[in-house]
Amino acid sequence: MALRTGGPALVVLLAFWVALGPCHLQGTDPGASADAEGPQCPVACTCSHDDYTDELSVFCSSKNLTHLPDDIPVSTRALWLDGNNLSSIPSAAFQNLSSLDFLNLQGSWLRSLEPQALLGLQNLYYLHLERNRLRNLAVGLFTHTPSLASLSLSSNLLGRLEEGLFQGLSHLWDLNLGWNSLVVLPDTVFQGLGNLHELVLAGNKLTYLQPALFCGLGELRELDLSRNALRSVKANVFVHLPRLQKLYLDRNLITAVAPGAFLGMKALRWLDLSHNRVAGLMEDTFPGLLGLHVLRLAHNAIASLRPRTFKDLHFLEELQLGHNRIRQLGERTFEGLGQLEVLTLNDNQITEVRVGAFSGLFNVAVMNLSGNCLRSLPERVFQGLDKLHSLHLEHSCLGHVRLHTFAGLSGLRRLFLRDNSISSIEEQSLAGLSELLELDLTTNRLTHLPRQLFQGLGHLEYLLLSYNQLTTLSAEVLGPLQRAFWLDISHNHLETLAEGLFSSLGRVRYLSLRNNSLQTFSPQPGLERLWLDANPWDCSCPLKALRDFALQNPGVVPRFVQTVCEGDDCQPVYTYNNITCAGPANVSGLDLRDVSETHFVHC
């Protein structure tokens, strides 16, 4: 569909430009011909003749034309008139262009099309009329384009469509009516479009869909009704769409979905009901959707989830329920979702998750529970989620991690616990996470780490502990992290680092110690980036090795790093990495790298 996937129009656009490769471009000068012995190219246009296909394309885009060129060659196959100031298309304007199969009139300030404007275009395949000022279209306008496969009328001012407007377009495949001002559609407006595969009605003002509206559209694959003013989804509206695969109902005003509203839609793979006002889901809301893979219900007003609500969705792979008002997850909430891979429940009001809430989710790989207020999670609440590899619990009011909170997550790769209030983590509570690669504990209230906290995490590569209240860090704690690559312990209260703290971490390449209370530090070999700023460094003899290391490796310990900037108005941002001396007094305020060699002469 043009709106969601780029659509045939974009494919054609690219195809024509690719075709220019072997073409001989002419016509940039008035009177230039498209071929040495061929027809003349219109003044102010550019012509391209493909020697391989023997097809002629005429480009008259953005020439500020107020009327159509008079001398368009009759052999033209593609005509680009977009971006002009045409106002209207008179009758029989293209009557001599019987070979034309592509016509682009988008963005040309068209206010009207005469009923016979398309006369003679019996071979036209693609017609672009989007981004104009059209308010109405005469019945019979398209009777002259029986071969039309793609018609785009999006972003006009259409307030109504007459019955019979699309009569005779039996080959139409793609129809885009999005971003107009349509309020009501005639019952039979789409009759005769038996081959239609993609229909866009997004961005209109539709408040109601009558049951007969989609009769005869048995081949339809995608239907976009997003960004309208629909208030409910009635039964039997979509019953005539047995082959529909994608249905977009997002960003409407829907408060209720009738029982069996989607009955018979066995081919449906994608259903988007996000950004509405749906308050509740019933057990009979989704019966019959045996082929559904994606269900999006985020940004609604759902307050609770009843058991067995999703029982018929055996092949569902993605379920989005974020940004609702769900308060509790009870047992068997997700029963029947054995193929589910992605479950998002972020930014609800969940305060309680009962053991058994996630039972049956044998294949779930990503779970997002962030933005709730769980405070604590019952032990073994994630039991049985053997294939879960990413668990998001950010900003969830967690204060404590119990011994068996994460029991059963043997395949977990990424655990996100940042922006909580975690002040304690029980010893070995992470021991079962043998496949963990990334652990994010940023912005919590940790003052110390249990000695065996990371026992069993031999595969961990990324450990983020910044913005806590750590005062000490023992070598025994980090010892098991043999594969640690990225270590961030910035913004803590560390005053000293234990001897040999990082010696066992031979793979560490990124180390951030900024914003602590460190006075000394011995550099580690193998580092690729070291952040040391905002510490009260004692620039006496013990820091000479760090000075030499920093001077010899400016790429590892840069004075500043410029953030990559994009856009014309983007201002570069610099992150500084100062090693500012707090003492002795004679070098106080200097950067360690600027302290002279004579200062260390007696070391």
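Including glycine, each Cβ sits where the backbone N, Cα and C put it.
Residues annotated as disulfide bond in Swiss-Prot: Cys41-Cys47, Cys45-Cys60, Cys539-Cys581, Cys541-Cys603, Cys565-Cys570. Annotation source Swiss-Prot lists domain 'LRRCT' at 535-603. What Swiss-Prot lists as N-linked glycosylation site is Asn64, Asn85, Asn96, Asn368, Asn515, Asn578, Asn586, and the listing cites sequence analysis. As annotated by Swiss-Prot, repeat 'LRR 1' applies to 75-96. Taken from Swiss-Prot, the feature repeat 'LRR 3' applies to 123-144. The feature repeat 'LRR 4' is assigned by Swiss-Prot to 147-168. Per Swiss-Prot, repeat 'LRR 5' is recorded for 171-192. What Swiss-Prot records for 219-240 is repeat 'LRR 7'. The repeat 'LRR 9' annotation in Swiss-Prot covers 267-288. What Swiss-Prot records for 291-312 is repeat 'LRR 10'. According to Swiss-Prot, the repeat 'LRR 12' annotation covers 339-360. The repeat 'LRR 15' annotation in Swiss-Prot covers 411-432. Residues annotated as repeat 'LRR 17' in Swiss-Prot: 459-480. Among the features that Swiss-Prot reports, repeat 'LRR 18' is placed at 483-504. The repeat 'LRR 19' feature in Swiss-Prot is assigned to 507-528. Swiss-Prot lists 1-23 with the feature signal peptide.
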Most crowded position, judged by CB atoms within 10 A, among Asn96, Asn368, Asn578 as glycosylation sites: Asn368
Which of Asn85, Asn515, the listed glycosylation sites, has fewest other Cβ atoms within 10 Å: Asn85
Rounded to the nearest Å - Cα separation of Asn85 (N-linked glycosylation site) and Cys603 (disulfide bond): 81
Residue pair Cys565 (disulfide bond), Asn578 (N-linked glycosylation site) - Cα distance, angstrom, rounded: 22
Per-residue Cβ crowding (10 Å cut-off), top of disulfide-bonded residues Cys41, Cys60, Cys539: Cys41
Shortest C-alpha distance to Cys539 (disulfide bond) - which of the recorded positions Cys45, Cys60, Asn368, Cys570, Cys603: Cys603
Inter-residue Cα distance where the pair is Asn515 (N-linked glycosylation site) and Cys541 (disulfide bond), in Å: 22
Outside the repeat 'LRR 19' (507-528), six or more residues from its ends: residues with CB under 8 Å to it: 466, 482-497, 534-538, 542-543, 545-546, 549-550, 553, 555-556, 577, 582
Cys47 (disulfide bond) as reference: those recorded positions from Cys60, Asn64, Asn96, Asn586, Cys603 with C-alpha within 10 Å of it: Cys60
Nearest-integer angstrom distance between the alpha carbons (Cα) of Asn96 (N-linked glycosylation site) and Cys41 (disulfide bond): 15
